[in-house]
Amino acid sequence: MRFLIEPFNQKRTTELRNSGRDDNDQIAEKQISDGGGNPCRSCLKHIPAGEMMLVVGMRPFERLNPYAECGPVFFCEKSCTPWGAQGIPPVLQSTGNYLVKAYSADERIIYGTGQITPTDDLTGYIDQLFKRADVAFVDIRSSRNNCFLARARR
């Protein structure tokens, strides 16, 4: 594995928790996690059952462009320790497959890279994408709902 998995931008995560407003300028919804299928985009762990979580519309891109998708994501309501370890985080080990797609330095999708990828093939496919010079980062999304989960960087 020649890449690192990054959580959602921590500056923006802190701003979200402090302001309570998402990238659509809507008030963050607070819900109680049922313990299943609620991955926090900061610690990259599933939010435990009974814990409060924020449900928000966030855009994991620095600039607006036609490819800068905004979608629903979850965060632990309280501050959590952002993922910073080596390897594949817990939220990327619990589902059968993921939507993986590469982006250029100007945050544009690189056509032909989007692929539904089984968990067991995740590191291999991301490594393969990073062999291309035009790939700046790789986003990993839910294959069922297209929600952003995490980003891989060299």
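The backbone N, Cα and C atoms fix where each Cβ goes, glycine too.
Remember, TrEMBL labels are computer predictions, not curated facts.
What TrEMBL records for 15-32 is compositional bias 'Basic and acidic residues'. Summarised by DSSP class, the composition of the compositional bias 'Basic and acidic residues' (15-32) is 5 helix, 6 strand, 7 coil.
TrEMBL lists 15-34 with the feature region 'Disordered'. Long-range neighbours of the region 'Disordered' (15-34) within the same chain, counting only residues 6 or more positions beyond its ends whose Cβ lies under 8 Å from a Cβ of the stretch, are 46-59, 70, 74-75, 77, 79.
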